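Colleague: One structure is given below, represented as structure tokens, and several questions about it will come after.
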């Protein structure tokens, strides 16, 4: 599916996404309008609606469709045919052989990072800028007291806290193929305030033989006035 085909086909539900090379693969990023969603768009866009979403509310369906549409554009950008991208029990996308990727969406924003490299594990997360109760939740749930104190020294607390939350989500996605189990926000700590497109995280415990306590990860990010995007591509250990 080409980027310019999305807006007319989706009847305004999706904007024309931006497509660019990133981390050895392709990043597709766009926006969707929940108010313009209709279930019939699955068939119009040629995207399979899985049976498990048969009773899902429109918001969930719209998010799923937007993310899979970004993946369809990413496949086309890599010169690959359309493919059904199912969802694993872990809720991670199941990519065609030879590919690895990550999908994300938040408040009308959606994106997909796709790599023609199965041995690499990308993590991608997009978050709306946290304010008020959402910001308070990050400071009390996603970070510890030391991290919160560091974030409170940032010139823009809302942006720094949102970036930290997003970076931890990205790290989870990138490391999950190796860890193969869920781990919490406390498994990684913020080492320094985000600066110049990089946010450093350090593992606070050993998650796998190849992921020891103290290992540091530099999460890449882009910050916009209303949202942030973070990403990381990790190497999977040889079996």
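Sequential numbering from 1, following the chain as shown.
For all residues, glycine too, the Cβ spot is worked out from N, Cα and C.
Not measured: the values here are computed from a predicted model.
So TrEMBL has the following annotated:
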- 60, 68, 104, 105, 125, 169, 173: CoA binding site (BINDING)
- 125, 126, 127: Mg(2+) binding site (BINDING)
- 53-113: domain '4'-phosphopantetheinyl transferase N-terminal' (DOMAIN)
- 123-197: domain '4'-phosphopantetheinyl transferase' (DOMAIN)
Colleague: Pairwise over 60, 68, 104, 105, 125, 169, 173, annotated as binding CoA, what's the top Cα to Cα distance to the nearest Å?
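Modeller: Largest pairwise Cα separation, rounded: 20 Å.
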Colleague: So what sits near residue 68 (CoA binding site) in its own chain, CB-to-CB under 8 Å and at least six residues off in sequence?
Modeller: 47, 85, 103
Colleague: Can you list the residues of the same chain, besides 125, 126, 127, whose Cβ falls within 8 Å of the Mg(2+) site's Cβ centroid?
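Modeller: Nearby residues not in the site list: 104, 106, 109, 124, 166, 169, 170, 227, 228, 229, 230.
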Colleague: List the residues of the same chain that sit at least 6 positions away from residue 169 (CoA binding site) in sequence and have their Cβ under 8 Å from its Cβ, in sequence order, or write 'none'.
Modeller: 123, 125, 127, 230
Colleague: Taking just the CA atoms, what is the gap between residue 173 (CoA binding site) and residue 126 (Mg(2+) binding site) in Å?
Modeller: 12
Colleague: Could you round the CA separation between residue 60 (CoA binding site) and residue 126 (Mg(2+) binding site) to a whole angstrom and send it over?
Modeller: 16
Colleague: Report, as a single number, how many Cβ atoms besides its own are within 10 Å of the Cβ of residue 60 (CoA binding site).
Modeller: 11
